[in-house]
Amino acid sequence: MATMEVEAAAATVLAAPLLSSSAILKLLLFVVTLSYLARALRRPRKSTTKCSSTTCASPPAGVGNPPLPPGPVPWPVVGNLPEMLLNKPAFRWIHQMMREMGTDIACVKLGGVHVVSITCPEIAREVLRKQDANFISRPLTFASETFSGGYRNAVLSPYGDQWKKMRRVLTSEIICPSRHAWLHDKRTDEADNLTRYVYNLATKAATGDVAVDVRHVARHYCGNVIRRLMFNRRYFGEPQADGGPGPMEVLHMDAVFTSLGLLYAFCVSDYLPWLRGLDLDGHEKIVKEANVAVNRLHDTVIDDRWRQWKSGERQEMEDFLDVLITLKDAQGNPLLTIEEVKAQSQDITFAAVDNPSNAVEWALAEMVNNPEVMAKAMEELDRVVGRERLVQESDIPKLNYVKACIREAFRLHPVAPFNVPHVALADTTIAGYRVPKGSHVILSRTGLGRNPRVWDEPLRFYPDRHLATAASDVALTENDLRFISFSTGRRGCIAASLGTAMSVMLFGRLLQGFTWSKPAGVEAVDLSESKSDTFMATPLVLHAEPRLPAHLYPSISI
């Protein structure tokens with residue numbers, strides 16, 4: 001079966017027109033190699049080293065150089081790529097392998113790259129605290145190069161002068177507390193628009209039995225917020241009377257989420273660069289199409305704004321885009337080129353949309369199935385905020401149970417299986433294992449958050465666990481890396497403060513403003529996870545009934 005799958009895939013690719021002779025030769029060599037290895041995979045393989053079931057992984061005692069972390073024996077040249085291709089999606093294969101081996105650190109070799117996966121908080125802290133400086137770089141991949149405009153932004157660029165420059169810009173000008181406060185009113189406007197939009201959806205039919213697509217609502221709230229902060233606009237196209245997205249806004253979010261799903265997606269040519277251009281799995285084509293879709297919308301706004309500032313037509317700053325364009329160097333010249341502005345605008349957009357929307361969708365799904373948890377959250381909102389005004393960002397410090405629900409969603413249902421990879425700048429040792437220079441270290445979001453040696457009943461949605469040891473103010477960040485909400489360290493998340501505000505306001509407004517219930521005929525919300533990612537397998541659709549006085553649902557401001 002494995003051989004037939006490889007040969008069928010090869011036949012599909014060979015049907016593509018206009019391949020050069022050298023490309024065909026490379027492809028044939030690759031297919032022959034895979035066919036041979038696929039047959040060889042039928043033979044039993046020797047088991048790999050297992051670690052203790054009660055502690056984080058540690059290597060066997062001995063002398064000499066430390067071993068690599070446990071993992072499958074790699075093949076020459078291609079490493080473990082054949083196993084990866086036959087066990088898609090790759091992240092589920094890696095996690096299953098680690099469970100079977102009983103290890104919290106593992107190594108698979110993809111092409112010539114050692115990929116080290118970690119599911120233990122102690123080892124994760126060793127990477128991002130003790131050795132943060134050595135793991136400060138990023139991999140060079142087709143998707144990251146494309147989405148960063150040739151590594152011109154901060155999040156995706158490898159360690160070097162360009163990353164240092166763009167990171168300074170973000171730290172001093174974009175994610176600083178003063179800038180967060182400066183754009184407070186825009187975030188509030190979008191929270192108000194969210195409230196009215198859901199109200200319109202919930203009341204548009206006389207029967208009142210209207211299903212609300214929570215994923216649609218949550219993602220477009222996040223899209224609205226980032227467009228307002230970045231471009232000072234909710235819409236790229238015509239405003240919608242009900243406050244919802246139009247066709248261009250739907251296209252924008254679809255392209256952004258497609259792009260995020262393609263970043264560091266275990267593409268074969270990222271590990272065998274000589275295959276780049278053949279696009280064996282279609283990855284490169286989809287990356288290009290998604291990037292064009294995002295850039296077509298962003299560039300129209302950025303080009304016009306650049307012209308306005310250069311001509312003197314624009315004089316006052318209103319958003320992040322104005323900040324980036326008007327930055328000056330020591331000589332009074334523009335600090336950023338227009339290409340850097342475009343790359344960083346996309347960077348900021350990618351950083352802020354997926355985590356809040358995913359966490360809120362999962363949390364609401366879990367809570368509809370667990371009325372006691374829902375009741376606790378509603379009681380806190382009624383006690384802290386009441387029903388005579390809408391929840392505001394100033395209420396966030398007091399909404400500890402609401403934040404505990406979001407923390408639990410981050411823990412149990414992370415937005416991605418792994419964090420963005422960290423690349424080792426030099427040979428090092430982690431947890432007693434050898435990690436060679438150039439290795440890609442990935443912290444498993446699902447492995448950390450669901451580690452049974454760290455969490456009691458790890459698969460249970462139980463927000464109270466975050467109140468037992470927390471201080472008076474529950475934070476969405478997790479400093480001990482028992483799970484990952486927003487990444488930390490020198491390559492930490494650029495949108496942690498913004499992401500916290502967006503998550504709590506999105507969740508708070510949905511909970512305070514509406515009573516949520518399962519649609520008629522549905523006994524329980526299906527909490528199945530998608531096979532290809534960590535989102536819900538099916539978008540969450542619920543019945544929403546307004547629970548506040550009608551005058552509190554603000555009118556649409558477009």
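Note that Cβ sites are derived from N, Cα and C of the backbone, with glycine treated the same way.
Sequence-distant neighbours of ARG138 (heme b binding site): residues of the same chain at least 6 apart with a C-beta under 8 Å from its C-beta are SER144, LEU156, SER157, PRO158, TYR159, VAL420, PRO421, HIS422, VAL423, ARG491. Annotation comment: Swiss-Prot describes ARG138, ARG167, HIS422, ARG491, CYS493 as heme b binding site, evidence class similarity to another entry.
Residues or ranges marked as compositional bias 'Low complexity' by Swiss-Prot: 49-65.
Taken from Swiss-Prot, the feature region 'Disordered' applies to 48-67.
Under the heading transmembrane segment, Swiss-Prot lists 13-33.
With respect to Cβ neighbours within 10 Å, the binding-site residues ARG167, HIS422, ARG491 differ, and ARG167 shows the lowest count. Largest CA to CA distance in the heme b binding set (ARG138, ARG167, HIS422, ARG491, CYS493): 16 Å, whole number. DSSP classifies ARG138 (heme b binding site) as coil under the three-state reduction. Apart from the site residues ARG138, ARG167, HIS422, ARG491, CYS493, the chain places the Cβ of ILE136, ALA154, VAL155, VAL420, SER487, GLY489, ARG490, GLY492 no farther than 8 Å from the centroid of the site's Cβ atoms, the recorded heme b location.
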